[in-house]
Amino acid sequence: MNEDPKVNLSGLPRDCIDASAPENISAAVPSQGPVVESEPELVVNPWDIVLCSSGTLICCENAIVVLIIFHSPSLRAPMFLLIGSLALADLLAGLGLIINFIFAYLLQSEATKLVTIGLIVASFSASVCSLLAITVDRYLSLYYALTYHSERTVTFTYVMLVMLWGTSICLGLLPVMGWNCLRDESTCSVVRPLTKNNAAILSISFLFMFALMLQLYIQICKIVMRHAHQIALQHHFLATSHYVTTRKGVSTLALILGTFAACWMPFTLYSLIADYTYPSIYTYATLLPATYNSIINPVIYAFRNQEIQKALCLICCGCIPSTLSQRARSPSDV
């Protein structure tokens, strides 16, 4: 009985084909005609999707804070200007993550890489510098409580804002101005196209600012404890009340510093010891927690603030809840 000459070669190994029937092979595989290659499918890295989603959440949260501060004329004190600077920096960081995802898969070029990484570096640098500026402002508001609400403080705040944004923009322009590894792959850091020297400068600067913030918050904690003790003596509070107030202040400071260190320290230390030869999964795994800091910042610095809560309620429902209007500020609200 004659067999069907059509043979499905895609499912058979080459040595299973009958060598005595060459005509079957020629019948199954045409020898003439152009070979059309299928276009490669666009493969999206799941880590990039997570980073883009994180950037979207960052933009939504911080856009609310920026709109609240911009819309409310009462929120023009130095503290709120610094919180607005932090929200704006985080908003730009989230926007940079979204743009990086779009350009990486739709508009790939060296120019877009440099502009995107410059925006991300500048915005995250401004975010960390704004956190340091907020720490300095909180320390001054407690240490110089009598002279804090003066024109001198407002001027000092504007000087801090100009300096921090100027420094951040300069850091963001470094890759664009030529300090990149596009022409020499051996100088690349864990984040291409940043060079290892550029990444080392950013990491060491972060460690320095973290050490300065830690020292300032230790001093703030001491001042808060002293103020709480004085208030307890003046109002004849019990020792337990003083203990609860002090513990709340220390817990708040521990939350601020602990969150900041947990988010940024892994990526900072990793970028110091690693280079472009390390697996990219380690870079993603340490960079992603750093983006979470921009998600948590509005919760810690903005939405917990009583004045911002009042402004948000006025914008949303046109009234202020009685629980907010009657709540007094305590020494633990640092």
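Here the Cβ of each residue, glycine as well, is placed from N, Cα and C on the backbone.
Away from its own ends, the transmembrane segment (47-70) comes close to residues 80, 83-84, 87-88, 90-91, 93-98, 100-101, 104-105, 280-281, 284, 287-288, 291-292, 294-295, 297-298, 302-303, 308, 311-312, 315 of its chain (Cβ-Cβ under 8 Å, at least six residues beyond either end). Among the features that TrEMBL reports, transmembrane segment is placed at 47-70 (among others).
Per-residue confidence over the domain 'G-protein coupled receptors family 1 profile' (61-301) averages 87 (mean pLDDT, predicted model). TrEMBL lists 61-301 with the feature domain 'G-protein coupled receptors family 1 profile'.
Taken from TrEMBL, the feature transmembrane segment covers 82-108 (among others).
The transmembrane segment annotation in TrEMBL covers 114-136 (among others).
Per TrEMBL, the feature transmembrane segment maps to 156-179 (among others).
Positions annotated as transmembrane segment by TrEMBL: 199-218 (among others). Proximity of distant same-chain residues to the transmembrane segment (199-218), defined by a Cβ-Cβ separation under 8 Å and at least 6 residues beyond the stretch ends, is recorded for 121, 125, 128-129, 131-132, 135-136, 138-139, 171, 189-191, 253, 256-257, 260-261, 264-265, 268-269, 271-272.
Annotated transmembrane segment per TrEMBL: 250-269 (among others), in sequence order.
Packing against the transmembrane segment (281-303) from elsewhere in the chain are residues 47, 50-51, 54-55, 57-58, 61-62, 64-65, 68, 83, 86-87, 90, 93-94, 97, 124, 127, 131, 134, 190-191, 255-256, 259-260, 262-264, 266-267, 270-271, 274, 309, 312: each is 6 or more residues past its ends and has a CB under 8 Å from a CB in it. Taken from TrEMBL, the feature transmembrane segment applies to 281-303 (among others).
A Cβ distance under 8 Å defines the sequence-distant neighbours of the transmembrane segment (82-108), meaning residues of its chain 6+ beyond its ends; these are 42, 44, 48-49, 51-52, 54-59, 61-63, 65-66, 69-70, 75, 116-117, 119-120, 122-124, 126-127, 129-131, 133-134, 137, 157, 160-161, 164-165, 168, 291, 294, 297-298, 301-302, 305, 308.
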